[in-house]
Amino acid sequence: MRTYRIQLPLLILFALLALALNLRSPLTAIAPVIDQLRADLAINVTMAGMLTSIPVLCFGILTPLASVLISRTGIEKAILITLAGTIIGTLLRPAGGLNTALAGTLILGASLTIGNIVCLMVIARDFSQRRNMATGLYTAALNVGTMLTSALTAPLALWAGWRSALACWAALAVLALICWGRVIQRKKRLSRQAPADRADRPALKARVNLPTDRPYSFWRRPILWYLVVAFTVHLLVYYGMTAWLPTWLTQEAGMSAARAGLIASVFQITALIGSFGVPMMASMWRVPRSLLLVMVGIFWMMTPAGMYYWPQQWLFWSLVSGVAQGGGFTAIFMLIMENARDLDDNRRFSSAVQGVGYTLASVGPLITGGLHSLTGSWAASFLLLSACSILMSAMGVCVALINRQRPA
């Protein structure tokens, strides 16, 4: 029995990371093959951008519904729904024409929306004493997933075609589904072997379902809106860069699709620096999270401008963006869990920040692609992303001012 209890948290952690691999990878899989996709489906740049923007828009608009679903089904069932939808959407998206691609993309967006919320609840529930570590690993897994699809989709497309290259990523969701099946099986066995533990479960469910304060006081929290703005800017720059960086590298830098995909994967994998560095700075060196937000905003401001004006230094800008990507997600997720009063408040706080943030940021790929279509250059698109990043640093200053006003 003792061995069983030691193994279960590790199994949950592995399952969490397997789930996280799927939460962003379907979005970045499109970029390396977007030229082949456009030619095959006969669509323009703006319409192609919608295949990236629709899931992000779902992250925003459908977040309130996903939050209600989680409160009624529970965490594990919500995860199974997420993974089943991810498998269906991934296979459907490249299976036919434009309508099929849009339908598969919509299913993906709805499914991943549930996963965005439920993962933070798993961390808060099962890793409350190791929150910083679990959050860093979770954010790192998000970026490993995007790195895999950015690096391997273009070579797979050369070998098997873009449709098969996109469909094969359903394997990641199948892996996560197997892992969570094992977790659920272990928990059922544990509940049979230790009936006394069942008394704790209704209390946990009650905490998930019952609000901790009145709605108006929840929405009037200043820290909530500061994080909403910071998260929106972070996503706007992240998805704007992710959607069009491979295209820019092929069109402006004269790179092959495979090499552009490889560089885009470096842009994703260097986020591990921020994913692990932010928890380390917060835990070991006691760096305030507000200062981390300021730093992320500065690094985001540097990256698009640097990529455009000094593309030959792409490795350096990838390192800078890595800190911004992983560090931004990790710092904001840590602030959400730090300011949530219990598991239900975690769900509501996460739903609010992600719902509003993703809704506003969903226009990022459309704006960057539209500006390119209007001007015939990527300069306006990249400089706009750099300018928006100033707001993220400003929100870090606002969070610092709130923390200074709190009683010691």
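Backbone N, Cα and C atoms are what each Cβ position is placed from, and that goes for glycine too.
Caution: TrEMBL annotation is automatic and unverified by curators.
Here the structure is a predicted model, which means the values were calculated and not measured.
Between the listed ranges 15-36, 257-278, TrEMBL ties the annotation transmembrane segment to 257-278. Highest Cβ pair count under 8 Å relative to the transmembrane segment (101-124), across stretches 290-310, 316-337, 379-402: 316-337. Sequence-distant neighbours of the transmembrane segment (290-310) (same chain, 6+ residues past either end, Cβ-Cβ under 8 Å): 230, 233-234, 237, 240-241, 245, 248, 274, 278, 281-282, 316-317, 320-321, 323-324, 327-328, 331-332, 378-379, 382-383, 385-387, 389-397, 399-400, 403.
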